[in-house]
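Now, the feature entries from TrEMBL:
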- Arg235, Leu236, His237, Ser238, Glu239, Gln256, Glu278, Gly279, Arg280, Thr300, Thr335, Lys340: GTP binding site (BINDING)
- Cys240, Cys251, Cys253: Zn(2+) binding site (BINDING)
- 357-380: region 'Disordered' (REGION)
- 364-380: compositional bias 'Basic and acidic residues' (COMPBIAS)
Amino acid sequence: MPRLAQTIGPCSDRHRVRLLSAATPADPRAAARAIDAMRRGWPIAIRGGEGALSLLAVETADAERLAAFDPHIAAPLLISAGRAVTLKLTNQRDAAVPDAPVMIARRPWLDFDTAVALADPQLDLSTPMKGPFRATAALVPDAAAAALRLARIAGLLPAFFVHPEAPGRRIAEAITLADIDSHQDPARLRLVTRARLPVAGAEDAEIVAFRTPESPDEHLALLIGQPNGAPPLVRLHSECLTGDVLGSLKCDCGPQLHAAIHAIAENGWGILLYLRQEGRGIGLVNKLRAYALQDQGFDTVDANVRLGFAVDARDFGVAGQMLRQLGQHRVRLLTNNPDKVAGLAAAGVKVVEQVPHRLPPNPHNERYLATKRDRTGHQL
Ligand SMILES: Nc1nc2c(ncn2[C@@H]2O[C@H](COP(=O)(O)OP(=O)(O)OP(=O)(O)O)[C@@H](O)[C@H]2O)c(=O)[nH]1
Ligand SMILES: [Zn+2]
């Protein structure tokens with residue numbers, strides 16, 4: 001059964017969307033299905049305020065899938081504003097909204113491989129000849145922005161082939177922006193299980209797992225020691241597989257993780273939240289792409305932007321939700337990052353003290369730490 005009810009009689013699209021959204025509750029499972037479909041190379045559709053877009057993610061497409069999606073070579077390519085800046089298409093986009101996504105018109109010569117080179121900045125050095133391109137502000141800009149957001153959530157490059165909804169041909173299966181918001185809503189997190197977990201540095205520890213019904217990622221809390229009436233010493237640790245597991249020297253995550261466990265154990269009581277926000281929320285593969293750009297000379301900030309992502313895509317509301325479910329509304333926070341303090345406050349958890357969490361640099365992470373200090377407001 002189609003999710004979107006039929007409307008009766010003539011009415012404007014804007015009016016119709018309002019009617020439909022009033023009638024249709026947000027469906028986080030519809031967003032989960034779209035994320036899954038994107039990862040498998042299937043088209044998805046997103047409805048915004050001025051219509052809907054049908055979208056095929058560049059990263060999981062191939063020439064055959066593109067030909068099936070767009071037999072007439074008419075589907076423009078949707079890219080982020082950050083990518084448009086690198087491609088020097090900024091004079092062709094909507095100057096009033098500099099962060100708005102951009103669409104590049106397709107031409108017969110703009111084939112699948114060219115689209116991949118447009119989407120992926122890692123290829124800029126090997127394929128420097130591009131264009132001429134005709135770029136415009138994205139059609140249905142809110143749906144276009146939502147598509148880029150969904151690509152980030154799925155851990156894919158933010159680039160799509162796009163078909164706008166044609167007049168009289170309604171895309172019935174389109175998900176809505178509210179579906180995506182509800183999929184990402186930290187209020188959907190549930191405490192699912194807990195068990196004793198002695199760890200190196202803190203034998204008196206308990207692990208608590210949280211998840212939503214739709215997301216494959218489980219966020220974890222490690223409760224260390226016994227509550228003593230004082231606000232717990234808390235560390236928000238964002239996942240870093242390369243640093244946490246492989247001992248990468250490019251960042252300070254591994255040493256920070258272990259130092260946090262020791263500091264909390266020494267304090268007598270506290271909580272380490274292990275948040276599944278790999279790569280500051282862009283996912284492992286996109287973080288490794290950012291590392292490849294860093295190998296070309298870009299710093300951690302510029303690498304994210306050139307890929308088409310925000311410098312930091314994390315939502316610390318997840319941490320606030322977990323702490324509140326654990327009954328903690330006032331914490332001492334181990335961090336050098338003022339955004340974490342603000343993020344917790346916005347989520348209803350008061351940071352009564354910010355405790356610095358600085359680890360000595362090594363020759364491989366010196367520049368990374370300097371960039372955090374100089375460009376992202378870390379107190380280092
Ligand atoms: N996108 C991206 N993510 C990175 C990079 N280096 C580390 N990360 C991720 O950054 C997150 C850790 O964040 P940091 O900025 O080091 O520290 P912080 O957590 O913001 O701040 P502190 O609490 O002061 O440590 C982890 O998810 C890492 O995977 C990078 O170069 N690019
Ligand atoms: Zn790291």
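Each position is counted from 1, following the chain as shown.
Cβ from N, Cα, C; glycine included.
Each residue of the compositional bias 'Basic and acidic residues' (364-380) gets a DSSP state, and the totals for helix, strand and coil are 10 helix, 0 strand, 7 coil.
Closest by Cα distance to Arg280 (GTP binding site), from the binding-site residues Cys240, Cys251, Cys253, is Cys240. For ligand 2, the binding-site residues lying close by, meaning a CB under 6 A from one of its atoms, are Cys240, Cys251; the full candidate list was Cys240, Cys251, Arg280. Take the CB of Cys251 (Zn(2+) binding site) and look out to 10 A: across all protein chains shown you find 20 other CB atoms. Most buried of the binding-site residues Arg235, His237, Arg280, judged by other Cβ atoms within 10 Å, is Arg235. With a 10 A radius on its CB, Cys253 (Zn(2+) binding site) counts 20 other CB atoms from all the protein chains. Those same-chain residues not listed among Cys240, Cys251, Cys253 yet with C-beta within 8 angstroms of the centroid of the Zn(2+) site C-beta atoms are Ser238, Thr242, Gly243, Asp244, Ser248, Lys250, Asp252, Gly254, Gln256.
Each residue contributes its Cα atom, and for Cys251 (Zn(2+) binding site) and Glu239 (GTP binding site) those atoms are 12 Å apart.
Between Arg235 (GTP binding site) and Cys253 (Zn(2+) binding site), the C-alpha separation comes to 12 Å.
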